[in-house]
Amino acid sequence: MTELSNGHEVTDSNIDRTLDQEPQERSALTDGILEEKENLTLQMEIATKDDSEELLYGIADNPPWVLSFALGFQHYLTAFGSTLSVPLILAGPLCFGEDKVGLSELIATTFFTSGIITILQTCLGVRLPIIQGVTFAFLPPTMAILSLPRWACPIPSASGLLSDVNNTDYGLDNHSVVINGSQTNGEWHLRIRELQGAICMASLFQIFIGCSGLMSVIMRYVGPLTVTPTIALIGLALFEAAADKAATQWWIAFMTLFLIALFSQYLKSISIPIPTFSMSRRCSFSYLPVFKLFPILLAMLLSWFICHILTVTNILPTEKGEWGFHARTDARDSVLHKSKWIRIPYPGQWGLPTVSVGAVFGMLAGVLASMMESVADYYACARLSGAPVPPPSAFNRGIAVEGFGCLFAGLMGTGNGTTSYSENVGAIGITKVGSRCVVLAAGILLILMGCVGKVGALFVTIPDPVVGGMFFAMFGMIVAVGLSNLQFVDLSSSRNIFVIAFSLFIGLAFPHWISNHRNAIQTGSEVFDQIVTVLCSTSMFVGGFIGFVLDLTLPGTLEERGITKWRQDDKQTELHEELKCEEENHSIDKKQSGRRIHPSVYDFPKGLHFLNRIPCAKCIPICPGSDTSDTLERVS
């Protein structure tokens, strides 16, 4: 048995099997690989031209701490829109009512939790510079759970008072309903505790998938025709939330949407000169593509400012019941006075999580969709940050840490899980800064912002139509990202057209019918009825499941189904890394080790290297030593 320089072992049987090959077969194999590389070189030369530019800071580089926090603040601003959106969406189904202080605390908890999980993922997880935050994939099952009759707003009671609810019927304690004398607090506390329990239990499944290495097995059976309806229906199912916010003042919402389109599309190539100072160049100007980096943030700030002008001049209605009142910036200004300056979130702050079987199974659909989204982000982040393609152990570790992140988010009470942020991956490609230190600084800033209560309160005062315009843009982009997977599929095939049409239409129609007929499923088992109701109310589960079954059962070739191009896309990414290393004249030893640019980039951090020396570590899918089979494939 031979041990390679990176600790991997090559068994004698594998070596003998390789040496026993006929020379002609080995020569043909070599020629085939070289020919494939030559064919792909020209195709990838244009596509990866920007990626080949020199990074300002690579994944293992350490910029000055001041610069790291400045660049980390940029990541914070990039993640701002998505992180803020989910708590605002959940405010309605959770029945916050007029408890805007509670909503500000939920927003602060979300930022705080995202910061901690970002640090864990960067240090112990996939070890790529990738921001972790809330995920839209959890929203459809959340809406399905909260639409059950038991969670209708307000909770029904004989006397009409919340404190008189017989909470024994719901498996809750009476004393947990009225908190600090506030009935509204008790109302949304009950609902978010139900979400906490579902998220915590569903996260255990994700932890198991990551630690066992089953993610690579699952992805073998998942193709574009499954991913397309799953992701597209996430955005389509949320159109009502966007419409309700925008309907409070359509003109303000349209203005916000126009500004987002203006900054992100029409002005994206314009760079703004920013004064900088360095010891070598002294005072100089650096050109930053501000509109391309922060289109949503700039559009929201400008719309917010215009709403403030319309509020001061009393152009907007002053009566609460009038159309357009919620576009005023002083409609919720009391939350700024009531909220605390410093408030540190803690586990169980809303009470102990409650668990119901139906809610757990419904949340599993969001977990699966979130995992598939993260796998794609890992590939993109590795390419843009100058790292090699992540080995299986890094993928498994990343999924496992995301599972732990969802568990932590459930305990903290964010009402949502965690996933990788694609927009922050794109920011790496624009700024050419792929350092892990920068993302660690962003995680620290997220934690600090989550501890300042006034920050969350300030976000609550954003006018509803401004939020609605942002929702239109973000939810529409989610739908477009899902549909973009059809580029791998043969759209001239009637088989594929049928799968797409059937999965999308049923994914919208059947959950809509279930939501209007909550008692339609009656099997005699209350638990089973709840499970089926929640799953059938989740659009992305219904559409994704139908697409998965039809894609596997209907006759069709791999090329027709898009599987060939789907896998070839990943293969091209890996071959691109090989070509880059050959151009940089890397040694043969580094090529064979499978870590071509930064040999230890996916290893455990300092202090945990002793784990690699444990003999049984090679059998654990999340340990770097478990990549032996991948190394053998590269060597052969």
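Just so it is clear, glycine is given a Cβ too, placed from its N, Cα and C backbone atoms.
Keep in mind that TrEMBL annotations are predicted by a computer and have not been checked by a curator.
Range with TrEMBL annotation region 'Disordered', chosen from 1-25, 551-575, is 1-25. Residues 350-369 are the range that TrEMBL records as transmembrane segment, among 350-369, 370-389. The recorded stretches the transmembrane segment (106-130) and the transmembrane segment (466-485) do not share 3+ CB pairs below 8 A when only pairs 6 or more apart in sequence are counted, and are therefore not in contact. It is 225-243 that, among the stretches 225-243, 249-267, 438-460, 527-550, forms the most Cβ pairs under 8 Å with the transmembrane segment (466-485). Distant neighbours of the transmembrane segment (438-460): 57, 63, 65, 68-69, 71-73, 75-76, 79, 84, 100-101, 103-116, 118-119, 122-123, 129-131, 332, 335-336, 338-345, 424; these residues of the same chain sit at least 6 beyond its ends, with a Cβ under 8 Å from one of its Cβ atoms. Nonlocal intrachain contacts for the transmembrane segment (249-267), taken as residues 6+ away from its ends with a CB within less than 8 angstroms of a stretch CB, comprise 291-292, 294-296, 298-300, 302-303, 306-307, 316, 323-324, 326-327, 463-466, 468-470, 472-473.
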